[in-house]
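Below: one structure, written as structure tokens.
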Amino acid sequence: MAETYDVVIIGGGPGGYNCAIRAGQLGLKVACIESRGKLGGTCLNVGCIPSKALLHTSDLFRTAQEDFESMGIKTGKLDVDIEKMIAQKDETVEGLTKGIEFLFKKNNAEYIKGRGKIAGPGKVEVEGADGSKQTLETKNIVIATGSEPVSLPGIEIDEERVVTNTGALSLTSVPKRLILIGAGVIGLEMGSVWSRLGSEVTVVEYLDRIMPGADSEIAKEAQRVFKKQGLTFRLGQKVTGVEKMKSKLKLSMEPAKGGDTETLDADVVIVAVGRRAYTEGLGLENVGVTTDKRGVVQVTDGHFKAADGVWAIGDCIHGPMLAHKAEDDGVAVAELIAGKAGHVDYNLVPSVVYTNPEIAWVGKTEDQLKEEGVEYVKGKFPFMANSRARTNHETTGFVKILADKKTDRILGAHMMGPCVGEMIGELCVAMEFGAASEDIARTSHAHPTLSEAIRQAAMGVEGWTMQM
Ligand code: FAD
């Protein structure tokens with residue numbers, strides 16, 4: 001007779017693998033099925049990690065090229081070895097995926113290679129890469145199948161010249177002319193990498209702004225900075241197709257509001273127009289799980305329940321499509337299955353754009369507060385006036401804190417500047433504890449540090465900013 005599991009997870013990305021490890025720690029009998037051949041999902045294999053590896057190396061190259069001399073550091077002529085750069089990225093990815101396999105073993109979570117399909121209540125069928133089949137019996141099924149990139153009509157992805165994030169992270173040479181369709185977070189990170197390495201990058205975006213989820217003041221300033229770095233923006237443009245010719249690609253677009261078609265030539269086109277839940281062919285109908293039109297699994301609000309004994313987490317449900325959100329979902333579900341309390345506050349999931357300068361935010365934007373009619377006070381502090389930023393010659397950007405006018409409770413924080421991806425954590429903790437902006441303003445921050453800009457912005461809310 002088949003063994004019965006407490007939990008079988010379909011998908012080994014940040015949602016699935018964290019759920020598996022936590023379930024193992026809680027003493028549940030757990031298996032995680034992954035079809036990719038490697039654990040880590042989109043994030044580790046073709047997302048967060050490889051993109052940050054390339055962002056880091058390309059930023060070092062740009063800094064050495066453009067900033068070293070003014071700081072008194074002499075170098076010879078610098079060059080890029082793309083093959084080596086891609087190889088060191090792959091090595092990092094490999095090391096981290098192996099690390100998850102180790103954590104599975106350490107925490108008694110079973111890793112099953114293959115494609116999972118729900119065969120009925122408490123039954124998951126697994127098809128191995130060699131075609132072999134087995135059926136697992138389980139008390140709980142967790143759907144953690146993530147998301148996949150979407151494209152546009154008239155565009156055929158080949159992952160060589162017309163690429164998604166997957167191809168964009170493994171190009172074998174620096175394209176001379178690169179067009180990026182979509183000015184969201186993923187697109188801007190990819191555009192930054194290749195622009196720093198020498199590509200002429202044109203960003204084509206349907207909306208009349210970049211980074212639609214970000215605070216509009218930050219987005220406007222970011223666009224100005226990226227333009228100065230060499231990115232060309234064509235906003236309010238609808239891409240209608242990409243024609244593949246032998247020597248080049250021809251992208252057609254027309255104004256989103258209507259007008260004449262225009263064409264742009266490119267060597268590589270990156271399509272970064274969003275991602276959709278990956279839930280096709282999973283056998284959801286066999287257990288009464290429903291999805292919306294975009295494939296997003298419908299769950300009871302806050303409880304991740306998709307049907308009796310079926311849970312769903314990460315990119316394939318509602319909420320921000322971010323690795324740390326998927327991870328928190330996974331841990332919460334393992335704890336709920338083990339009879340404990342599991343909860344994730346989607347209002348306090350931080351977002352970070354790993355460009356230079358970095359951009360980070362948590363909580364409400366000014367646009368949202370205005371729309372909701374919430375009265376707020378804004379404190380803002382520029383890195384130009386922060387002594388550590390000045391010593392490091394990294395003075396672009398600012399910290400902005402939004403607090404409730406009556407209670408002083410922090411409602412949102414928005415930053416652009418050096419290391420803000422790390423610094424946003426302070427605001428996440430403060431907001432989790434329901435802090436007022438005065439709490440931050442009265443907390444000692446080491447001098448000279450970048451984080452003093454956070455304190456100064458909080459002091460700005462109180463009306464007593466002090467630093468120069
Ligand atoms: P996924 O990571 O997509 O994992 C799902 C897994 O399920 C996949 O490995 C898939 O192979 C597997 N699977 C699917 N169907 C089956 C099946 N039937 N059987 C077995 N296995 C199956 N987020 C951040 O927080 N920070 C970042 O810096 C960041 N950068 C990104 C950069 C890029 C270029 C991209 C594309 C994404 C980035 N993200 C980032 C988003 C992040 O990668 C996702 O939010 C995260 O991976 C979602 O985790 P998940 O576990 O829900 O799904």
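Including glycine, each Cβ sits where the backbone N, Cα and C put it.
NAD(+) binding, as stated in TrEMBL, involves Gly182, Ala183, Gly184, Val185, Ile186, Gly187, Leu188, Glu189, Glu205; the candidate among Gly114, Gly274, Gly281 given for that site is Gly274. Disulfide annotation in TrEMBL: Cys43 is bonded to Cys48, selected among Cys32, Cys48. Checked against Met321 (FAD binding site) by C-alpha proximity, the recorded positions Cys43, Gly182, Leu188 yield Cys43 as the nearest. Each residue contributes its Cα atom, and for Ile186 (NAD(+) binding site) and Cys48 (disulfide bond) those atoms are 9 Å apart.
Other Cβ atoms within 10 Å of the Cβ of Leu188 (NAD(+) binding site), summed over all protein chains shown, number 26. Within the set of recorded positions (Lys52, His447), the lowest number of other Cβ atoms found within 10 Å of a Cβ is recorded at His447. Using a 10 Å Cα-Cα cut-off from Ala323 (FAD binding site), the recorded positions that qualify among Cys43, Cys48, Glu205 are Cys43, Cys48.
Sequence-ordered, the extra residues of this chain that approach the NAD(+) site, with Cβ no more than 8 Å from the Cβ center of Gly182, Ala183, Gly184, Val185, Ile186, Gly187, Leu188, Glu189, Glu205, Gly274, are Leu180, Met190, Gly191, Ile210, Met211, Ala272, Val273. A simple Cβ count within 10 Å picks out one of the binding-site residues Gly182, Gly184 as the most packed, and that one is Gly182.
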